[in-house]
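Please read the structure below before turning to the comments.
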Amino acid sequence: MATDPMAEIRASFFIECEELLESLQDALSDMDEGSHDNETINIVFRAVHSIKGGAGAFGLDALVAFAHRYETVLDELRSGRMTITPDAMKLFFQAADFLQDHVRAARDAAPPPEGSEDCLVSLEALIGGGAGPVVEEEVTDFQPMGLAFDFGPVDEAPATPVWTVRFRPSAALFSSGNEPLHLLRALGKLGASSTTCDLSRLPPLESLDPESFWLEWVVEITGDVTDFDIREVFDFVEDVCEIEITSGAAATLPSGAADFAMPDFGMPGAAALDLPPLTPDPEDPVPVAAAPAPQAEVIAIAKSEPRVEAPPPPPFVAVEMPAASGNGPAQREAASEPSATVRVDLDRIDRLVNLVGELVINQAMLAQSVAEAGLPPNSAVMTGLEAFMMLTRDIQDSVMMIRAQPVKPLFQRMARIVREASSAVGKEVRLRTEGEATEVDKTVIERLADPLTHMIRNAVDHGLETPEKRRAAGKTSEGVITLSAQHRSGRVVIEVVDDGAGINRPKVREIAISKGLVAPDAQLSDSEIDNLLFLPGFSTADQVSALSGRGVGMDVVRQAIQSLGGRITIHSEPGKGTRFSISLPLTLAVLDGMVVNVAGETLVVPLSAILETATLTDEDIRALGPNTNVIHVRGAFVPLYDLGAELGYRAPKSSYAGGIVLLTAQENGTRSALVVDSILEQRQVVIKGLQRSYGHIPGVAAATILGDGQIALILDPPDLVQNASGRTRSPAFALAG
Amino acid sequence: MTTIALASRLDLSQVTPLATALRGAAGADLVLDASAVTHLGGLALQVLASAAKSARQAGTSLIITPRSDAFDDALAVFGLSPADIQTGEAA
C-alpha cells in the first residue's frame with residue numbers, strides 16, 4: 001500500500017545523501033587545508049551521522065554499519081581525543097569515498113563496495129582498538145535521520161528515543177481491507193518494540209458483535225524512529241482507527257493519555273478527525289518540531305499528495321542547515337550557502353527549455369511577418385514586438401539559469417579520482433581546483449564526467465613524473481594537477497593542467513610512426529605532434545597500467561567533448577607540464593548568432609566566435625602559396641577561408657575584393673577570416689542538434705529553424721578552420737577538378 | 001470434548017462462521033486445531049479471545065492445539081501469548 005510514498009522518500013534520502021557527501025568532501029578539504037576548528041569537524045561528523053541515521057530508517061544495514069564505524073572514529077576527533085595528521089586525513093578522505101560507494105550501492109541495491117573493511121580497520125587503528133562491528137542493538141541506536149539533531153554540536157548525543165503508540169482499530173478498518181496484524185508488524189520493524197494487547201474491554205463471546213472491534217494495542221518502540229516513521233505506518237488507516245503517538249515509555253505517559261476515550265467506537269468514520277496532536281512532548285529528547293528557526297526548506301515537489309491532516313515535517317529538512325551557523329571558514333563559497341531550494345523533476349525543466357525554444361522560433365516568425373507587412377518602425381506593433389523580444393530573452397536567460405549548475409560536484413568527483421589514481425601508481429598528487437562556482441548546463445556537466453575522469457587519470461599516470469624523477473628535476477615531490485573552470489568569450493573553458501614533464505614529443509612521434517598513424521618522413525610541428533595524442537588507438541604507455549593505456553584514449557575524450565559542441569586543445573612545455581583546455585558552449589539550447597548568406601545558402605555563425613566583420617579591399621588580400629590567401633588586418637596577417645568553397649557550395653572566387661569577412665577567434669588566440677557573401681541579421685537561434693541523426697559534421701555545430709521556417713546550419717568556425725583546405729584561389733580548384 | 005478445525009485464512013470473511021461455530025459449541029470443553037492457519041486476522045483474534053473469556057467464565061476449557069507457526073507468529077505480533085486465548089488444562 002505504501003510503496004509509492006516510500007520510494008519517493010527513499011529517493012529523496014539518496015538525494016540528501018549526495019548533498020551530505022558533498023558537504024563532507026568540502027569540510028574534509030577545509031580540514032586538509034588546515035581548518036581544524038570545531039565547526040569544520042562537526043560538519044564532517046554531522047554529514048556521516050545524518051547518512052547513518054537515514055540509512056537506519058531504511059534498513060540499509062551495510063551502509064549503517066560503515067557509517068557507524070566511520071562516525072565512531074570521527075567522534076574521537078570531535079572530542080579532541082585524536083589529532084589530525086596527514087595520514088589520518090588520507091584515511092578520512094578514503095572513508096568518505098567508500099561512504100559514497102556504500103550510498104550508491106544501497107541506492108542501486110548493489111553489493112557493498114569491496115575494500116571498505118580494510119579502510120575501516122586502518123581508520124580504527126588511528127584511535128587504537130576500534131568501534132568493532134556494529135551489533136544489532138546498536139544499529140537501531142541512532143538519532144532520527146538528519147532532523148534537528150546537532151544544533152549544539154558538541155552536546156552529548158541524546159538518549160535513545162522511546163515512542164509509545166496506542167492503536168485502536170475500528171471495525172471500519174477491517175471493512176476497508178486493512179488488517180492490524182500488518183500494521184503491528186510494520187511497527188515492529190521500525191525498531192526494537194514490545195507490543196501489549198488490551199483485552200479488558202472485550203465482551204464474552206455471547207455478546208460479541210463481530211461487527212465491532214474491542215481490542216487495542218500499546219506498542220513501545222525504541223530506536224532510531226521518528227514520529228514521521230510511525231505515522232507513516234498508519235498513513236492509510238488514519239481515518240479508521242485511533243492512534244496516539246507519544247514520546248517516552250508508556251509508564252511516563254501523562255495520566256490523561258491513559259484515558260484515551262473514544263467517543264463512539266462502534267461507528268466507523270465518526271472518529272476520523274479526532275486524532276490526538278502529532279507533535280511529541282515538549283520534553284521529547286528528539287525535538288522534531290523544535291528546530292531553530294533559520295531553516296531552509298526543501299520542498300519535494302513531486303511529493304504533494306494532500307494528507308488528511310497537517311503533514312509531519314519533511315524528514316530531511318535539516319540537511320541544508322549545517323552551514324547556517326555561519327562561523328565556519330570565511331572562504332566558504334556562496335554556492336554552499338544554504339538557500340531556499342525547490343526540487344524539480346528534470347523532465348519538467350527540459351520541457352520548459354523546449355517550450356522556450358519554440359517561443360523564440362515563434363517570435364522570430366512573428367517578427368518576420370510583421371516586417372513583411374511593411375509596418376512603420378515606430379508603429380505600436382513594432383514597439384510591442386520589441387518589448388516582446390526583450391521579454392522572450394529574459395525568459396530564456398532565466399530558464400537557462402535553471403539548468404545551470406556549478407561545476408563543484410564534478411570537481412569533487414575528480415578529487416576522488418586523483419586520490420585513487422595517485423595511490424594506484426604511487427605518486428604524490430595534489431589537486432587544486434579553481435572556479436568551482438562556475439555554472440554550466442547540467443547536461444554538459446553530466447557528460448563531462450567521463451572525459452574529465454579520463455584526462456585526470458592520464459595526468460596522474462602519464463603527465464606527472466614519479467616522486468624520484470620530480471626531485472631529480474628540482475621539483476617538489478608532490479605533483480600538482482590544477483582543474484579550473486571559467487567563462488571566456490561566451491563559452492566555458494575547463495582546463496586540466498599538470499606540472500609534470502610535458503609531452504615527450506620524440507616518443508609520441510616515434511609511436512605514431514610505428515603505429516602507422518603518420519608517415520615516417522612527415523614534418524610535424526610541435527603542436528601537430530601534441531595533437532597526435534587525439535588519434536584513435538594512440539597510447540603512449542609502454543605497459544598497460546591499471547589506470548590507463550588500454551587503448552581507450554584521448555580520441556574518445558575528444559569525441560565526447562565534440563558531441564557536446566565543445567573542443568579540446570592541448571598545450572605542452574617540456575619539463576613544465578601539459579595543459580588540456582576544453583571549451584564548451586554555455587548552453588545546449590540557444591545561441592546568439594549572425595545569420596549570413598553564402599552562395600545562396602543561409603548559415604548561422606555563433607556570435608561568440610566573431611571578433612569583428614570587415615569589407616575586403618584588394619590591398620588587404622595577399623597571396624600565400626599557390627592556393628591560399630591571407631588578409632592584412634590591424635597589423636597582422638590572418639588566413640582567409642572562403643565559406644562557400646570550404647562547405648562545397650562553390651569554387652573559390654577569383655577575387656575577394658569587396659567581399660565581407662568575419663574575423664573569428666579560436667581558444668588558442670589565433671584568428672582566421674571567413675568570407676561570406678552578405679550578412680543578413682543578428683539574432684538568437686534555437687539549437688537543434690544534428691548529432692543524433694548525422695553524427696559529427698566537421699565545421700558544423702548544429703542546425704536551427706529560422707523565422708521563415710527555413711533550416712540553417714550553425715557553423716563551428718574553429719572546427720571548420722581546423723579542417724579547412726584554405727583554398728581561396730581558383731588554380732587549385734581547377735587542378736583538383 | 002469437541003474439536004473444531006480452524007480455517008487457514010482467518011480473515012474478515014471467516015469471522016462470522018468462526019463465531020457461530022464457537023457459540024454453537026459453548027458449554028463444552030473445546031479444542032481448536034490451528035495447524036492449518038496461515039493467517040490470523042485481528043477480528044478472528046478477537047473472536048478467539050472472546051471465546052476464551054467466555055470459557056473462563058463458564059469454567060470449561062478451550063485449548064488451541066496444534067498451532068501452526070504462522071498462528072504463533074501472528075499471536076506474537078499481536079502482543080499475545082497462547083495462554084491469553086486459552087483456558088483450562090491441556091488434555
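Cβ from N, Cα, C; glycine included.
No curator has checked TrEMBL annotations; they are predicted automatically.
According to TrEMBL, the domain 'HPt' annotation covers A:2-106. Here TrEMBL flags A:His49 as phosphohistidine. Residues or ranges marked as domain 'Histidine kinase' in TrEMBL: A:406-588. The domain 'CheW-like' annotation in TrEMBL covers A:590-726.
Using a 10 Å Cβ-Cβ cutoff, the residue listed as 'phosphohistidine' registers 26 neighbours. A helical conformation is recorded for A:His49 (phosphohistidine) in the three-state DSSP classification. Across the domain 'CheW-like' (A:590-726), the prediction's mean pLDDT works out to 83. The DSSP breakdown of the domain 'CheW-like' (A:590-726), given as helix, strand and coil counts, is 20 helix, 72 strand, 45 coil. Across the domain 'HPt' (A:2-106), DSSP classifies residues as 89 helix, 0 strand, 16 coil.
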